[in-house]
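These features come from Swiss-Prot:
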- 58: active site (ACT_SITE)
- 61, 123: heme o binding site (BINDING)
- 214, 277: heme b binding site (BINDING)
- 29-56: topological domain 'Extracellular' (TOPO_DOM)
- 114-117: topological domain 'Extracellular' (TOPO_DOM)
- 181-215: topological domain 'Extracellular' (TOPO_DOM)
- 262-274: topological domain 'Extracellular' (TOPO_DOM)
- 8-28: transmembrane segment (TRANSMEM)
- 57-77: transmembrane segment (TRANSMEM)
- 93-113: transmembrane segment (TRANSMEM)
- 118-138: transmembrane segment (TRANSMEM)
- 160-180: transmembrane segment (TRANSMEM)
- 216-236: transmembrane segment (TRANSMEM)
- 241-261: transmembrane segment (TRANSMEM)
- 275-295: transmembrane segment (TRANSMEM)
């Protein structure tokens, strides 16, 4: 059942993930102006001739994003028609299309007109939302093929509210990380946990303040997820899905923290670390969104 839709969902999910990674690559390599101030053309050409590396990175990002955008729209329409009996479908379909289009327009606007760092930091956040919505649509297709796997754990109002809060807060943490990248504040603090050898550095220096804000947001997210893990294991041990999700969330945030510290300690010398850092937080956010979907299916006690 839904064999074609499931295949499209998997391909589209991987495609959006690739676009997300390419976007991180563009940011980490400073290739945002690799095609000049022209869009959708690249230096006025449909296909750039003899392009330098930054042009290849930017152009390939645009090309893949365009193809994946069409897949997302197809996925949303197909899901709307075949999975309309599932309450989450229409919301996820609308969000997936809106986010993929909006992030494309935001990227195009940044190339042609330029944008502030505050606005550009939203670009990665929209990518994360797009990825999460497509993955959840795909999950719905798999669930509908096997009704026995349509999980709807019964949880308390407090737990439900906490899961929603952590998911929303994780998006805030994503934004602070993206803002660090767009303000070139990655290395504003050398060393960890100290900042330039100080416990209390000058937070009024913009780059240092931005870096410390992200560190604080990341530490708080780790603590929130630790509470979620303990709460889930102690109270909802019978719900294997929630326990697995909470456990994976802890593993992802540990990897996220480790990769972030490694970026600082290696002076951002390894491109792979920065991309891995972006990948892990996107997977974590998607996992938390899945938990939100699960805990909101039943009316909480």
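Glycine is treated like the rest: Cβ placed from N, Cα and C.
Remember, predicted model here, so these are calculated numbers, not experimental data.
This view paints the features noted in Swiss-Prot onto the structure.
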{"residue": "58", "record": "active site", "Cβ contacts under 8 Å, 6 or more apart": "26, 31, 32, 33, 34, 35, 42"}
{"residue": "61", "record": "heme o binding site", "Cβ contacts under 8 Å, 6 or more apart": "19, 22, 23, 25, 26, 31"}
{"residue": "123", "record": "heme o binding site", "Cβ contacts under 8 Å, 6 or more apart": "23, 103, 106, 107, 110, 178"}
{"residue": "214", "record": "heme b binding site", "Cβ contacts under 8 Å, 6 or more apart": "173, 176, 177, 179, 180, 185"}
{"residue": "277", "record": "heme b binding site", "Cβ contacts under 8 Å, 6 or more apart": "177, 256, 259, 260, 263"}
Q.
Can you tell me which parts of the same chain pack against the transmembrane segment (8-28), counting only residues 6+ beyond its ends and a CB-CB cutoff under 8 A?
A. 34, 57-58, 60-61, 64-65, 67-68, 71-72, 74-75, 78-79, 100, 107, 123-124, 127-128, 130-131, 134-135, 137-138, 141-142, 181-182, 271, 274-275, 278-279, 282
(Q) Let me spell it out: take the topological domain 'Extracellular' (262-274), skip the flanking residues so only those 6+ beyond its ends count, and list any with a Cβ under 8 Å from a Cβ in it. (A) 24-25, 28-29, 181, 186-187, 189-192
(Q) So, taking each listed stretch (57-77, 93-113, 160-180, 216-236) in turn and counting its Cβ pairs to the transmembrane segment (275-295) that are under 8 angstroms, which one gives the highest count? (A) 160-180
**Q.** Helix, strand and coil counts within the topological domain 'Extracellular' (181-215) (DSSP)
**A.** 12 helix, 2 strand, 21 coil
Q. Mean pLDDT for the topological domain 'Extracellular' (181-215), as a whole number?
A. 83
Q.
With helix taken as DSSP H, G or I, strand as E or B and everything else coil, how many residues of the topological domain 'Extracellular' (262-274) land in each class?
A. 8 helix, 0 strand, 5 coil
Q. Going along the chain, which residues at least six beyond the ends of the topological domain 'Extracellular' (181-215) come within the CB cut-off of under 8 Å?
A. 27-28, 117, 120-121, 124, 173, 261, 263-265, 267-268, 274
(Q) So if I exclude everything within five residues of the ends of the topological domain 'Extracellular' (29-56), which remaining residues of that chain have a CB under 8 angstroms from its CBs? That is, six or more out. (A) 62, 66, 108, 110-112, 271
